[in-house]
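Notes follow once the structure below has been shown.
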Amino acid sequence: MCDQWKEEFEYAVQVARAAGAVIRKAGECEIKVQTKSCAVDLVTQTDDRVEKIIIGSLKEQFGEGTHCFIGEESVSKGKPCVFTDKPTWIIDPVDGTTNFVHGFPFVAVSIAFAVNKKLEFGVVYSCIEDKMYKARKGHGAFCDDEQIQVSDVKDINKSIIISEHGTDRSPEKVSKIFSTMQKILRIPVHGLRGSGTAATNMCLVACGASEAFFEIGIHCWDIAAGVVIVREAGGILLDVDGGEFDLMSRRMVSANNKTIADRIIKEIEIFEVVRDDAEI
Amino acid sequence: MADLWQDAMDHAVNAARSAGEVVQEALQEDRTVMTKSSSVDLVTQTDLKVEKLIIQSVKEKFPTHRFIGEESVAAGEACVLTDSPTWIIDPIDGTTNFVHAFPFVAVSIGFAVNKQMEFGVVYSCLEDKMYTARRGKGAFCNGEPLQVSGQEDIQQAIIATEFGSNRDPEVVEKIFSSLRSILCIPVHGVRGAGTAAINMCLVASGCVEAYYEIGIHVWDVAAGSLMVSEAGGVLMDVEGGAVDLMSRRIVAANSKAVAQRVVAEIDSFSPCRDDAPLPL
């Protein structure tokens with residue numbers, strides 16, 4: 001089994017934990033909120049600060065120039081989101097910024113690493129819960145020290161499905177999102193849930209608490225780490241149209257198995273989103 | 001001055017904690033699922049076992065007290081709140097979550113005298129969070145005082161709600177219509193833990209600004225209602241009038257302003273009351 005990126009993996013876990021501690025501390029003080037693409041797309045100084053800490057720390061450890069970085073806040077400030085074959089870190093410093101602002105208990109640091117555009121490992125630190133989810137390709141998925149596995153439910157009527165409303169409030173998109181959710185609820189499924197963070201939602205699929213999580217509108221940094229965790233826990237990733245999963249497409253279905261994934265995909269009303277790697 | 005109901009409250013906390021241990025143990029085993037009013041209204045042996053344990057332990061210590069328990073009512077007992085000291089029990093709030101090991105499962109014990117809530121205990125057993133509230137003495141989580149959020153601007157709010165277990169198309173339509181109206185105010189986000197008791201504790205903790213639902217039962221919200229009011233929040237009916245714990249409708253919020261703004265968007269309906277006489 002390949003141990004090539006073990007050092008990077010272990011360092012990522014350390015960095016995620018340290019970043020989580022910064023987030024927890026920041027959550028004790030008043031949080032100043034700014035907005036990005038719209039009134040409900042929130043960002044704080046903690047998001048910026050934590051991303052700088054993570055990237056700075058990784059550059060120091062692995063040398064500047066040898067590795068590339070795709071970070072949510074760097075991209076939102078204009079850095080192109082370019083995914084090459086080079087070793088690339090894909091970072092969401094605070095996944096669940098809205099939750100963070102409100103003290104809602106799901107906030108995650110998400111760090112993934114890809115080489116030749118293939119995801120090698122992922123770390124999601126749910127820092128309020130103090131749960132470290134991690135997975136390295138070929139080595140299984142873990143929550144802290146316990147190995148985790150997706151649910152074995154094949155009957156859609158016995159499933160919990162996760163999705164989110166996202167931050168786009170444009171009427172046509174909201175209509176499609178709601179229509180999809182309503183159809184899925186009425187299959188019927190056991191329930192619909194959402195933690196407010198894509199990274200955490202994927203970990204909930206990986207540990208078997210939910211059978212599937214799908215969303216249109218997420219970004220590569222929200223899900224890259226979760227992709228490895230779900231796969232290593234025995235789950236699968238697909239595009240919302242049933243085709244191959246594409247990390248930069250901003251669309252994703254993650255599920256415990258193909259039966260559940262296919263059944264969900266039948267109900268999804270697809271809408272257009274601009275790819276993460278589209279030219280600015 | 002001695003608190004007349006302190007003994008009862010201490011007993012409730014102990015009973016909730018013991019019940020939580022039973023739930024945790026049961027999570028290690030297979031959870032055989034049965035259904036009640038519909039294919040998605042779930043109950044397990046653990047629900048029944050825990051309710052019996054709680055009621056038995058209370059009867060031993062307080063033989064004259066009365067009970068309203070979810071599973072007892074499901075088995076045919078009348079759901080009547082008199083002036084007598086009455087324990088209002090949901091042995092497992094979040095049974096669907098429990099079945100899936102989704103991380104929010106609560107034991108909810110409320111206590112009313114002269115139809116007024118005297119204390120409430122909600123034990124979120126997978127998080128090991130013991131929420132308690134005593135009338136006139138505040139609300140606490142693991143000993144730390146709770147206070148609702150100070151945010152009165154609805155556009156900076158997170159609202160909690162649930163889809164419930166009624167899959168009747170007209171009901172689902174109304175639920176989605178309300179949800180969409182609220183989301184598009186716009187609010188920061190809509191969340192749901194999958195259990196009414198925990199959703200109310202999230203209001204009391206300041207993590208969300210309001211929680212509303214039509215379709216809950218008195219045992220889901222009795223304890224949580226005191227939690228919210230003792231943390232400085234307000235309770236209201238979904239049409240803006242006084243809250244009625246038997247009506248199966250509730251709005252719990254940090255403030256009247258937020259409550260009224262939420263009420264303005266709710267497409268209300270009237271489920272069969274908890275205290276409706278049983279059909280002959």
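Cβ coordinates are placed from backbone N, Cα and C, and glycine is handled just like the others.
Not measured: the values here are computed from a predicted model.
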TrEMBL records B:Asp90, B:Asp93 as Mg(2+) 2-binding residues. Which of B:Asp3, B:Asp220, B:Asp237 is assigned to the same site?
B:Asp220
Other than B:Asp90, B:Asp93, B:Asp220, which residues of the chain come within 8 Å of the Mg(2+) 2 site, judged by Cβ distance to the Cβ centroid of those residues?
B:Glu70, B:Ile92, B:Gly94, B:Ala106, B:Ser108, B:Thr195, B:Ala196, B:Ala197, B:Ile216, B:His217, B:Trp219, B:Val221
Validating a neighbour-count step here. Other CB atoms within 10 A of the CB of B:Asp93 (Mg(2+) 2 binding site): how many?
33
Using Cα coordinates, what distance in whole Å links B:Asp220 (Mg(2+) 2 binding site) and B:Ile92 (Mg(2+) 1 binding site)?
9
Using a 10 Å radius around each Cβ and counting other Cβ atoms from all shown chains, which of the binding-site residues B:Asp90, B:Asp220 yields the largest count?
B:Asp90
Assigned element (helix, strand, coil) containing B:Glu70 (Mg(2+) 1 binding site), judged by DSSP:
helix
As a test of the contact definition, list every same-chain residue at least 6 positions from B:Ile92 (Mg(2+) 1 binding site) whose Cβ is closer than 8 Å to its Cβ.
B:Val23, B:Thr44, B:Thr46, B:Asp47, B:Val50, B:Phe98, B:Val105, B:Ala106, B:Val107
